[in-house]
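J.: Structure incoming, see below.
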Number of protein chains: 2
Amino acid sequence: MSIAFPMFRGLSAFPITPTDAHGQVNTDGLVRLVQRLAAAEVDSIGLLGSTGTYAYLTRSERRRAIEAAVGCLDGRVPLIVGVGALRTDDAQDLARDAKAAGADGLLLAPVSYTPLTDDEVFEHFVAVAQATELPLCIYNNPGTTHFTFSDDLVVRLAEVPSIAAVKNPAPPPTEARARHEALRARVPSTFAIGYSGDWNTPNAVLAGGDAWYSVVGGLLPVPALGLLRTAQAGDEAEVARWNGRFQPLWDLFKELSSLRVMYAAADILGLCRAKPPRPILPLPPAAYRRVAAALETLDAGGR
Amino acid sequence: MSIAFPMFRGLSAFPITPTDAHGQVNTDGLVRLVQRLAAAEVDSIGLLGSTGTYAYLTRSERRRAIEAAVGCLDGRVPLIVGVGALRTDDAQDLARDAKAAGADGLLLAPVSYTPLTDDEVFEHFVAVAQATELPLCIYNNPGTTHFTFSDDLVVRLAEVPSIAAVKNPAPPPTEARARHEALRARVPSTFAIGYSGDWNTPNAVLAGGDAWYSVVGGLLPVPALGLLRTAQAGDEAEVARWNGRFQPLWDLFKELSSLRVMYAAADILGLCRAKPPRPILPLPPAAYRRVAAALETLDAGGR
């Protein structure tokens with residue numbers, strides 16, 4: 001397989017973006033998280049993804065976050081930056097900012113208020129892709145954008161120069177292979193098909209997926225890499241064993257959202273004490289204790 | 001019935017906000033639309049609602065729009081202003097701006113990216129309600145915010161001082177009375193229960209609803225008032241006759257979204273030539289012709 005854009009393959013780790021209560025990025029805290037990912041040798045870093053609360057940050061704070069990450073990475077790990085915005089012109093400006101600040105690739109979600117049509121999303125993506133020459137990954141995240149990309153639309157977008165990858169929600173394991181292969185057959189071999197939704201993604205990689213866009217990998221890159229490498233090696237038994245270690249965390253992700261759980265985990269692990277942007281509230285103490293227990297299960301190698 | 005806040009009763013007309021391609025408000029165009037509503041003697045004007053594309057406008061442009069509307073209304077019609085934002089602190093700032101610019105009431109939608117919990121929405125609404133003394137209407141618009149208010153949550157919010165009304169999606173006609181009365185029984189008599197979703201709202205007013213938050217009323221206030229007054233008078237046969245005149249427009253609203261249809265209608269009627277904010281695209285010529293035909297049906301008094 002051709003690997004035109006290696007940044008869209010393997011483990012892409014999505015850290016939270018620590019801020020103060022007014023949405024000002026704590027660049028020291030962010031650099032600590034990014035350094036930890038570089039030290040673990042993740043395959044790429046997904047800055048300002050959904051977990052990185054891009055939607056809640058101003059243009060200038062998003063730029064500060066990128067500059068801080070680029071400054072500390074010094075090219076060691078490819079940096080993919082989320083440039084989603086409600087308005088097309090704003091997303092274009094964010095793409096130009098990301099390029100100017102040193103990003104290696106872009107991640108674009110069709111953020112919506114008024115529900116969008118396929119044609120509107122297509123034109124939006126073409127406009128943002130043309131704003132820079134950086135390779136762009138389609139961010140298909142129906143849970144936050146409320147827009148679902150059909151395979152037809154992905155195929156159409158895959159023909160646009162510089163649109164190089166898709167980040168799809170990982171299907172349930174029983175459907176993963178059929179759905180992956182159906183899309184794989186319709187896009188160029190250079191086009192990368194990756195997945196997110198941590199609990200289902202290892203199976204989607206077993207089914208041929210090119211990348212794991214990972215929330216847990218943004219905070220716990222070492223076990224996430226352990227799990228991913230077994231999936232890349234096609235070792236189903238080892239994937240199942242690793243999934244067992246992660247299971248309590250997967251359950252909390254599904255119940256409380258991975259974003260809220262990661263803020264609690266970052267605090268519990270002593271990595272940073274940021275709160276999510278209001279209106280999102282920090283988890284209450286009882287949920288904190290469940291997150292701590294899930295981290296212990298992972299650390300202990302399973303229940 | 002006590003009518004503590006008359007602005008949350010009757011026809012609340014929601015105009016589009018004409019802008020240029022960069023999101024700068026055309027205040028002359030907006031004033032023309034607002035004057036037309038005042039001349040028709042609507043019961044209130046809902047500026048910067050979903051149809052007013054508040055979500056796509058900067059804080060400063062939203063302020064300019066309010067100042068333009070306040071300036072031309074000179075107190076003739078109560079002005080309700082949408083102050084929704086993803087961040088709680090931003091929504092608070094927008095509420096203070098609206099108050100400072102002369103708004104009479106606020107409309108707050110729980111705009112979301114990360115899906116919100118009931119407790120998060122409750123705290124968000126309390127924080128914004130406390131930012132000013134203006135009466136506030138809960139904007140329950142699941143189609144754009146992807147958050148649905150339960151009656152339980154509305155009841156909880158109705159206890160907050162200054163939260164004075166709810167704008168609920170109008171239920172299907174067969175369910176309107178039961179659902180209206182179920183909520184009515186649980187909130188203070190001073191709390192207004194109004195509806196939006198133009199095609200179902202006349203029946204929700206027949207069922208006891210206090211207000212019609214109307215997209216079509218923002219452009220065609222005279223026939224909208226004709227329809228509303230028959231519903232307020234409880235005249236089911238006349239409501240059915242009016243609904244027949246509006247039916248082709250209701251069908252287009254459901255198929256193409258009321259926002260896209262209103263931009264086309266404003267152009268067809270020669271009221272303003274604005275385009276919706278990209279990524280939302282203007283309707284294609286074939287759809288324009290269908291909008292023109294629907295306007296003719298309405299004008300002719302039915303098919």
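For all residues, glycine too, the Cβ spot is worked out from N, Cα and C.
Any TrEMBL annotation is an automated prediction that lacks curation.
In case it helps, TrEMBL gives these features for our protein:
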- B:Thr51: pyruvate binding site (BINDING)
- B:Tyr139: active site, proton donor/acceptor (ACT_SITE)
- B:Lys167: active site, schiff-base intermediate with substrate (ACT_SITE)
J.: Whole-number Å distance between the CA of B:Thr51 (pyruvate binding site) and the CA of B:Tyr139 (active site, proton donor/acceptor)?
T.: 13
J.: B:Tyr139 (active site, proton donor/acceptor) to the residue listed as 'active site, schiff-base intermediate with substrate': how many Å between their Cα atoms?
T.: 5
J.: Can you check which residues sit near the residue listed as 'active site, schiff-base intermediate with substrate', meaning Cβ under 8 Å from its Cβ, same chain, 6 or more apart in sequence, and list them in order?
T.: B:Leu107, B:Cys137, B:Ile138, B:Tyr139, B:Asn140, B:Asn141, B:Gly194, B:Tyr195, B:Ser196, B:Ala211, B:Tyr213
J.: If H, G and I count as helix, E and B as strand, and all else as coil, what does DSSP give for B:Lys167 (active site, schiff-base intermediate with substrate)?
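T.: The three-state answer is strand.
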J.: Translate the DSSP assignment of B:Tyr139 (active site, proton donor/acceptor) into the three-state scheme.
T.: strand
J.: Around the residue listed as 'pyruvate binding site', how many other C-beta atoms are within 10 angstroms of its C-beta?
T.: 27
